[in-house]
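Per Swiss-Prot, these features apply:
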BINDING   CYS108, CYS113, CYS136, CYS139  Zn(2+) binding site
Amino acid sequence: MAELKVSAIKEGTVIDHIPAGKGLKVIEILKLGKLTNGGAVLLAMNVPSKKLGRKDIVKVEGRFLSEEEVNKIALVAPNATVNIIRDYKVVEKFKVEVPDVIEGILRCGNPNCITNHEYVTTKFYVISREPLKVRCHYCERTMEEEEILANL
């Protein structure tokens, strides 16, 4: 297998095991195009992977993720791994998990839902993880992966 040649980061976050083609969506939902700390963002797409066949990897220099951001990643890449890097070493590594209840991260796809008209925090219950399916607490609309990704 070919060696992956990407420079190491001193401080920051590496998001690994993103399904091939979804790395750009991870960058979009984390708003990494608007970084103001001067840190580099690296996207490796369609990289060979024993586990997935092909995968994407996102490296973010000088930035660590909040719990809400990790939950957003779980909706796009439920099997992703997050690596926290300090002084060029992995100091923490964990798999993302889709929470049972998703609050304030996702918009409801139902234009008539109260959350689209009032200042109400959205709330969804996970019905299924594989394939991903959620139900709105307020209007009970069920959304599947494609609609979930469109409403992040």
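Cβ coordinates come from backbone N, Cα and C, glycine included.
Neighbours of the Zn(2+) site: apart from CYS108, CYS113, CYS136, CYS139, residues of the same chain with C-beta atoms within 8 angstroms of the site's C-beta centroid are GLY109, ASN110, ASN112, ILE114, THR115, ASN116, THR122, HIS137, TYR138, GLU140, ARG141. Long-range Cβ contacts of CYS136 (Zn(2+) binding site) within its own chain (separation 6+, distance under 8 Å): CYS108, ASN110, CYS113, THR115, THR122, LYS123, PHE124, THR142, MET143.
Among the binding-site residues CYS108, CYS113, CYS139, the residue whose Cβ has the fewest other Cβ atoms within 10 Å is CYS139.
Following the DSSP three-state reduction, the secondary structure of CYS113 (Zn(2+) binding site) is coil.
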